[in-house]
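Student: Take a look at this one; I'll ask things after.
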Amino acid sequence: MSAEENSPVNLNDTSLSNRSEYEGEPMDVSVNSDEMETDACAQSEESSKGYPITELRSGYDCWGPPPLPPVQPSSSHTVLYKLPWRPGQSPKPYPTVPVDRWDQEHVRMPNSSESLYPVQETDEEKGLRLRWELVQEALLRSILNSHQLESAILSYNSRYNEKWNFRALHTLFDEVLEKEEADVYFRDVLPGMVSLALQLPELVTGPLPLLRKHKCHTVSLSQLQIGSLLANAFFCTFPRRNSTKRGSEYAAYPDINFNRLFQCGGTSDSNSVLEKLKCILNYFRRICKSYLGPQGTVTFSRRYMSPGSFPNWGKSTKQLPKLHITSSGFIENEGSGMLQVDFANKFIGGGVLGWGCVQEEIRFVVCPELIVSRLFTECLDNTEALIIAGCERFSAYTGYGHTFEWAGDYRDETPFDPAGRRHCSIVAMDALCFGNPSTQYNMQNLVREVNKAYVGFCEPEGHEGSALPPVATGNWGCGAFRGDAQLKALLQLIAAGEAGRALVYFTFGDQTLCDRIYGMYKYLTDNSVNVGHLWNLLNQYSRKILNTSSGNVPDLYEFLYSSVLESFEKKGGCFSIPDIKPTVHMKRKEPPPKAEDNSCSHDAAATSRDLAEAGLTAEDIDNLIEEFDSDAEQVEVTQGEEPERNSSCQPASSSCLSMIEESLQKEHGTKKAQHQNASKPKLLLSASKKDFDSADGSADDRVKSNTHVKPSSDASDRKECNAEKEQKCAPTPADQKVPVSDCQLSNSSKSSTKRNIAPKRKISDYFNPA
């Protein structure tokens, strides 16, 4: 292939028009950016949390950067149309002279001279005829109803006369559609489909490679070529694709002929099958009605990574990505311009040509060009994903599963890139299916899932430095595959963080899940938990599950919460409590520096409720924390009742502070002291000896004090506590770890800011905020 004949596309060329003659007349597919910002970008404050979507688009509009990989013909990228692509023109096929390949590395085409079919020539003799001749004879006859269409299809699939039925197809045309609609289809649409199917030899002139396992390869086709291939699939013309028995040539490939979809009928589940057929017929009506046909292009790229090429997850120092999470909206709508996740089956498309009607199948029928990937994509292995760039949407829909319904025609106004592809990128990645849901926490399965997500999210090889749009995803593998949505969200955060992409997560109406995932994300990021730290925590949880009886398995998020809290207490650092109120992530302001305060002195009269006057060295606190961690339950309290302690899953370190207070009581043998007035010094857990600016930051970005102090029974003290609760806390920088040696007791009067006395809270408070 010479550069002159099929030169690569310059993705930086901005002179190309986004106009098309689709539907036979000029159509401006450019859109008003403000309108798109309102329709596809805006999210309701009540249902959305985290960073705003506009901030995650990295300077691009709602359509994002051009899709990857670019269209560049090479040994690993087969382009079957002439370059460069020109708007307003249907791409011409490449090569000019047809090339036929009948082997195990390419699709066996029905028009191949090697495609023969046995026929009964006489009563006693059988012979072989070109399959394409039989197809032409059958489809060029008059076909006026679904029964005649069935006879035509079976004439070149005679061995399936007793096996195939066309129940769903007959139900659609005989019972569901009005007679006038059915007549219009057979009079106007079907002849166009026949013409499109029989143009296959002129439209697809080059051999179409199979996307095989463990091999990175890319195929780019024009929309018109895809339409011809799908018309042949509708008429069931592809040879050797009707058997999926073990050992058959295409046992590792999805089926492509539509016969299985035609016979899915006669049960209570058949309504969704009929609605899927409506979507497909609408697609053919659209592309056959056009004078020139669709003029865009689509790229299919199989991505494979060898098992040894993945990151060392436990040693990663990359930060968790920016997150926007919402309970409203859909990936295909609000995720415009992003890398949109298809919750795939390893056989790409899943049950789209059968009974299936969930996320993947719905996406495939409203964007039928995706279905052609089943023709040449072998089932995905553990470290593989399929990226599809440029597909067009043709149908609107409502419902899901059994309630799915075609809701009419859809006009896709997504603009083209310079290669003729719409700014729509989809990654098909298959999750594991768990018969026993508890096995998903096994380390082997965690590694498999995070590796699979990383393959889909990572930057294409050879295109380093390209702008990467956010990933639009959701509850991947959490339906029939029985995955834990809370776990899958964390695994996708890890993969996206390592890949350098932001994450936009849709919970599909589940506000509780939205709050819970965001609460955990905010907690992790506020306490500087990075990709490697989170992965090691999941590893610990996996081992704990393995060594715990099924009836005592801890909740994943409670385990993570208590584990991070425990690690902070052991290190003697300050613990940051997340505030889950804001719907957007507020940038933290660094507190102003504070001069060293050396005015603290040890007072032998200090008690457990008046620590402000007690001078503790770093060694003192280290020893107390070590004692608490090793044998907290055996601490001897000599004065009064033992203070109530928080459990390990509570969002504060008051249990450790209680230990310090009890030790002071034991050492000094004093009784509880009461606060005298509001001028008493307070305990400040300062960061690197810095003070807090009372006027800094907004209330949404405040972090509550992690010091739990039991208020005095004195009425004046209760009044003081109530007054202090009305004060706003100064923010603690989440990314700043505080060594215990820097924790000071200060009576400095330079700062008038008072710290809230934080009430004891349960872990659920962080994931179910008021």
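Cβ atoms here come from the backbone N, Cα and C positions, even for glycine.
Look at TrEMBL and you will find ASP342, GLU360, GLU361 tagged as active site. Residues annotated as substrate binding site in TrEMBL: ASN345, GLN359, TYR400. The compositional bias 'Basic and acidic residues' annotation in TrEMBL covers 589-600, 688-704, 715-728. Annotated compositional bias 'Low complexity' per TrEMBL: 647-658, 678-687, in sequence order. Per TrEMBL, the feature domain 'PARG helical' maps to 177-302. For 311-514, the entry in TrEMBL reads domain 'PARG catalytic Macro'. Under the heading region 'Disordered', TrEMBL lists 1-52, 583-605, 634-770.
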Student: When you measure from the Cβ of GLN359 (substrate binding site), how many other Cβ atoms are you left with inside 10 Å?
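Tutor: Excluding its own Cβ, the number within 10 Å is 23.
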Student: Just the number: how many Å between the Cα atoms of GLU360 (active site) and ASP342 (active site)?
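Tutor: Here the two Cα atoms lie 6 Å apart.
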Student: Tell me, roughly as an integer, the mean pLDDT over the domain 'PARG helical' (177-302).
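Tutor: Within the domain 'PARG helical' (177-302), the model's average pLDDT equals 94.
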Student: Helix, strand, coil residue numbers for the domain 'PARG helical' (177-302) per DSSP?
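Tutor: Final tally across the stretch: 60 helix, 14 strand, 52 coil.
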Student: What is the total of other Cβ atoms whose distance to the Cβ of GLU361 (active site) is within 10 Å?
Tutor: 22
Student: Say you check the Cα of ASP342 (active site) against those of the recorded positions GLN359, GLU361, TYR400; which is nearest?
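Tutor: That would be GLN359, the closest of GLN359, GLU361, TYR400 to ASP342 (active site).
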Student: How big is the gap, in Å, between the Cα of ASN345 (substrate binding site) and that of GLU361 (active site), rounded to a whole number?
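Tutor: About 10 Å separates the two Cα atoms.
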Student: Measuring Cα to Cα, how many Å separate GLU361 (active site) from TYR400 (substrate binding site)?
Tutor: 10
Student: Among all the protein chains here, how many other CB atoms are within 10 A of the CB of ASN345 (substrate binding site)?
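Tutor: Its Cβ shell of radius 10 Å holds 23 other Cβ atoms.
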Student: Sort out for me which one of ASP342, GLU360 has the most neighbouring CB atoms within 10 A, since those are the active-site residues we care about.
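Tutor: Sorting the candidates by Cβ neighbours within 10 Å, the top entry is ASP342.
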Student: Restricting to the same chain and to sequence separations of six or more, state which residues have a Cβ under 8 Å from that of TYR400 (substrate binding site).
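Tutor: Within the chain, TYR400 (substrate binding site) has Cβ neighbours under 8 Å at CYS357, VAL358, ILE362.
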